[in-house]
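Taken from TrEMBL as is:
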- 76-229: domain 'Amidase' (DOMAIN)
- 528-561: repeat 'TPR' (REPEAT)
- 562-595: repeat 'TPR' (REPEAT)
- 20-39: transmembrane segment (TRANSMEM)
Amino acid sequence: MLELPKYAKLGRIATPSSTKTWIVIGIGVAGVLILAEVARRRQRWRGSLEDPKDFGAFIERFELTPYPQPPPPAARLLLSGLSFAVSDNFDVKEFVSGFGNPDWARTHEPAGKTAVVVTLMLKNGANCVGRTVMDEFGFGITGENLHYGTPINPELPSHIPGGSSCGSAVAVAAGLVDFSLGSDTTGCVRIPASFCGVFGFRPSHGVVSTIGILTNSQSLDTVGLFARDPSILHHAGNILLQASSVGPKRERRLIFADDCFQFSKVPKQKTLHVVRKAAEKLSGYQLPIHMNIGQYIASNVPSLKEFNEPSMRKQGTSTLIALSKVVVLLQRYEFRMNHEGWFNSVKPMIGLDISTRVLQAVNSSCEDIKSLYKVRTELRAAIKILVKDDGILVIPTTSDFPLKRQSKKKMLPEFEGRQSTLLSIAGMSGCCQVTIPLGKHDGYPISISFIAAHGADKFLLDTVLDMYPCLQEEISIASNLPPAPDTNGDMDASELLKEKGNAAFKGRQWNKAANFYSEAIKLNDTSATYYSNRAAAYLELGCFQQAEADCSRAISLDKKNVKAYLRRGTAREMLLYSKEAIQDFKHALVLEPQNKAALMAEKRLKKLMS
């Protein structure tokens, strides 16, 4: 167990006995210090917004000049004239790698060598201009650092940039550098790329050298790459891979993971449909395939079953949740093995949010670590069988929009859990993934992700470069599409359609039932029953987001519609909004105190959350 000092200090990992005791004492003794620190950070943030020097992206500035150009007739170096930055966990000779934490920097010597990937970029003509802010120890997803501040998201200054490689993403999004390097463990490149509206590349695990990079979890860590321009992503990515920039042309097959899009708050019109229409216009792309990736993983990764929650209603959803749980367990185990001794001896000052993660990791135990590695092996093989050499799995990068800076919601387990269900597919399998910006929705940057088989990194980068011009055209079209108008019709006709829908539902013809209810709604959009009934069909189809929307509409029309509350609660449970789901079940119980379904659901969710 991690030993803790007698007195709790702000952000210190410290307590006389247990983690729970530490939390109580830490809050009680350090309350004033915490408030003072929060006030200081807010003041610094306000000042940085007024004078956003470097957008707060850099910890320190320096310049590493590129290797000299070869004499003619040799070709010009591929990255000549481009600048880049690196996260605070990349070694640079004669500089200290701080891991996002001053106590780490204080207790470590300057690096004797520069990280292999940094040297690669220098050899190919790029110059390095500094070291960027990151979440401490690579353990956060918000990009908020107690010691160095939160880099300003150029696309959305009042919101978080995402982490852990926050400074590298911001430096690229702000145009301070042409590309940047970070590390990706559980989404540390993919999340900030999505939130800042830039490209983010997570290579296949083990394909790119991590020598000279501080380790969080060696089974999950990869070098990551940010860029604003797909051609720069392609060039720098091929340098990382040490691959030729020209490769053989081959057909491509897009596979849409429909169940993953249920977690996204962005309309499919601006994500899935954009990609599908772009592929239809390009040669060499087969007809896309739609599938439920959660159910596929459940059937092909048998070792994952022991991590499943038996109370979850849908197998696919429970599988993705179980997968994210395995990622967390593996990260904690390896982080403890790597750094427990240093934390025990130094007892560093750590941001309160990060200290919780570090305590969980350093005090964790895993009785059967082999089972975690077995999941990784089986998942990698399953994805390979699915995508083969020509397939691209298409999923949303993140489920949520970036939260506001210093938001009280930022560390809600539900928020992190929803991100992890999507990020764990490539993270645990070790497959390569690229985050692709798709413009904005309601002012928020949005993105989509392409995943290819382990080792198919060049094929993936080639696909992004090939598709993006057409994607840009479709993004422009989607952003200008007007909402589809509803029409009113005859009441009797709508009732007849509702009854047909009911008959189809009883016959377990869910698609047919949903279509009948949709036609009824077109004729009469003021009936709560129509919306609630269609929600029931959507639930059976696994379309949880549509079901939630229909139930909300039904409740707005009829505040006493018990079925709508029950169905919305079920939909929200499947979308991992557990607290909101409990509220819906409570509303149902207010209306019908003896409703067994609501009682059982509320009890089940409270048990899960505890």
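Note that the numbers count up from 1, one per residue, in the order the chain is shown.
Cβ coordinates are placed from backbone N, Cα and C, and glycine is handled just like the others.
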Legend entry - Positions on the same chain near the repeat 'TPR' (562-595), where near means CB under 8 A and six or more residues out: 262-263, 313-314, 317, 321, 414, 417-418, 421, 528, 531-532, 535-536, 538-539, 542, 544-545, 547-548, 551-552, 554-555, 601-602, 605-606, 608-609
Legend entry - DSSP-assigned states of the repeat 'TPR' (528-561) in counts, ordered helix, strand, coil: 28 helix, 0 strand, 6 coil
Inset, instruction - Check the repeat 'TPR' (562-595) for me and report the mean pLDDT. - result: 93
Inset, instruction - Over the span of the repeat 'TPR' (562-595), count residues by DSSP class, listing helix, strand and coil in order. - result: 27 helix, 0 strand, 7 coil
